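Read the structure below first, then the notes.
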Amino acid sequence: MASSTHPKRGSLTIAGTGIATLAHMTLETVSHIKEADKVYYIVTDPVTQAFIEENAKGPTFDLSVYYDADKYRYTSYVQMAEVMLNAVREGCNVLGLFYGHPGIFVSPSHRALAIAREEGYEARMLPGVSAEDYMFADLGLDPALPGCVCYEATNFLIRNKPLNPATHNILWQVGAVGITAMDFENSKFSLLVDRLERDLGPNHKVVHYVGAVLPQSATIMETYTIAELRKPEVIKRISTTSSTFYIPPRDSEAIDYDMVARLGIPPEKYRKIPSYPPNQWAGPNYTSTPAYGPEEKAAVSQLANHVVPNSYKTLHASPAMKKVMIDLATDRSLYKKYEANRDAFVDAVKGLTELEKVALKMGTDGSVYKVMSATQADIELGKEPSIEELEEGRGRLLLVVITAAVVV
């Protein structure tokens, strides 16, 4: 069915609850829990389940009832999606909650969203903290340096996906290799070990990772050689879909100096991407840089004489503007009222400056950025952006913050 240009009554929002109990749940997701007509969920701990059930304004439904030990998981996924869709078709504003990020290794969420959009309903996904995010934090990894390759373990095997020995490699669901139902006995795990040994050798290190869920839980970070993965006592510890393998780089990649020249990077300014802190699990051919080399020491020595640039913009807004923007960001129902009639909403807010009112009535992020920040010089002079400058901000304002890149 072709998508409708006018969404029907009823909507579907899919959100993630994160991995660690409640700690990873976003304010946006909490707002949706409190406002949805019906909430469907799959979570991995009773505390998150209790929070959902106690904060939802409407009925809640545990989608895990559609799992069964001998039941094909894809059948369960289709049923989970259809149950949510049926509620949307009834005209309900439906929230589907999935642990972790709702779009990463989650089939029913994508299926339900696609069908809802195809049938003309409003549908969107809200992000959540994934197991990958959790692992990057716990292991101290940056996927940008030296790059990252991720595969689901079974798909990695059946499609003969390549590992990259010069990047981070992540294998998901290593505790359920070849499993299509809910019986995670992992009898095919040896096939995964065979493949890893073939590609990287028996002595390369692998980190078995499982992020902590409950406050009383402990994160698992166990390091083994690939050969040690064959030990029965190790195999017993890798037996659920929560188990993830981090496979560190073995080698350092060569630099394409021809491309460096084509990119126009001056040779005298170019140096290798810094690799600090060193990767404690990497192979012997993977190089790293010291914490305080010549360039780092020079950067530190400049701190004593650092002067804030004239172009730096600091937060500068009325208390009313700060409050209304925080409220709009954390209260979905309030934002809907704002969008329904911006002029009336803004006029009812006390304490806004006239320019802040104009920006809020425009309803664009660019205009809001412009009235909520200013250089120190403009603040001292009492200079504000003009209406014309706010109009120029009607388009989406792109903010780019580079924290990891080739150093030039």
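Backbone N, Cα and C atoms are what each Cβ position is placed from, and that goes for glycine too.
Each residue in the region 'Methyltransferase domain' (1-250) has a pLDDT score, and their mean in this model is 92. Per Swiss-Prot, the feature region 'Methyltransferase domain' maps to 1-250; the stated evidence is similarity to another entry.
In three-state terms derived from DSSP, R73 (active site) belongs to a helical segment. Taken from Swiss-Prot, the feature active site applies to R73 (among others).
Contacts of Y77 (active site) defined by a Cβ separation under 8 A and a same-chain sequence distance of 6+ are given as S107, P108, R111, in order along the sequence. Here Swiss-Prot flags Y77 (among others) as active site, drawing on similarity to another entry.
Per Swiss-Prot, the feature active site maps to Y99 (among others); the stated evidence is similarity to another entry. For Y99 (active site), other Cβ atoms within 10 Å of its Cβ number 24. Reduced to three states, the DSSP call for Y99 (active site) is coil.
What Swiss-Prot records for Y99, H101, I104, A131, Q173, G211, S242, T244 is S-adenosyl-L-methionine binding site, and it gives similarity to another entry as the kind of evidence. The Cβ neighbour count for Q173 (S-adenosyl-L-methionine binding site), using a 10 Å radius over every protein chain in view, is 23. DSSP classifies Q173 (S-adenosyl-L-methionine binding site) as coil under the three-state reduction.
The region 'Clasp domain' annotation in Swiss-Prot covers 251-375 and rests on similarity to another entry.
Secondary structure by DSSP for the region 'Precursor leader' (371-385): 7 helix, 3 strand, 5 coil. According to Swiss-Prot, the feature region 'Precursor leader' maps to 371-385, an assignment based on similarity to another entry.
The N-methylvaline annotation in Swiss-Prot covers V401 (among others) and rests on experimental evidence.
Among the features that Swiss-Prot reports, N-methylisoleucine is placed at I402, with the record citing experimental evidence.
Residues or ranges marked as N-methylvaline in Swiss-Prot (evidence: experimental evidence): V406 (among others).
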Taking R73, H101 as the recorded positions to compare, which has the smallest set of other Cβ atoms within 10 Å?
R73
For the recorded S-adenosyl-L-methionine site, enumerate neighbouring residues of the same chain (Cβ within 8 Å of the Cβ centroid of Y99, H101, I104, A131, Q173, G211, S242, T244, site residues themselves excluded), in sequence order.
I19, G100, F105, S130, E132, Y134, W172, T241
Which number gives the other C-beta atoms within 10 angstroms of the C-beta of I104 (S-adenosyl-L-methionine binding site), all protein chains shown included?
17
What is the nearest of the recorded positions Y99, A131, Q173, G211, S242 to R73 (active site), using the Cα of each?
Q173
Inter-residue C-alpha distance, S242 (S-adenosyl-L-methionine binding site) and Y99 (active site) (nearest angstrom):
11
CB within-chain contacts under 8 A for T244 (S-adenosyl-L-methionine binding site), separation at least 6:
A131, M135, I170, L171, W172, Q173, V174, H208, Y209, V210
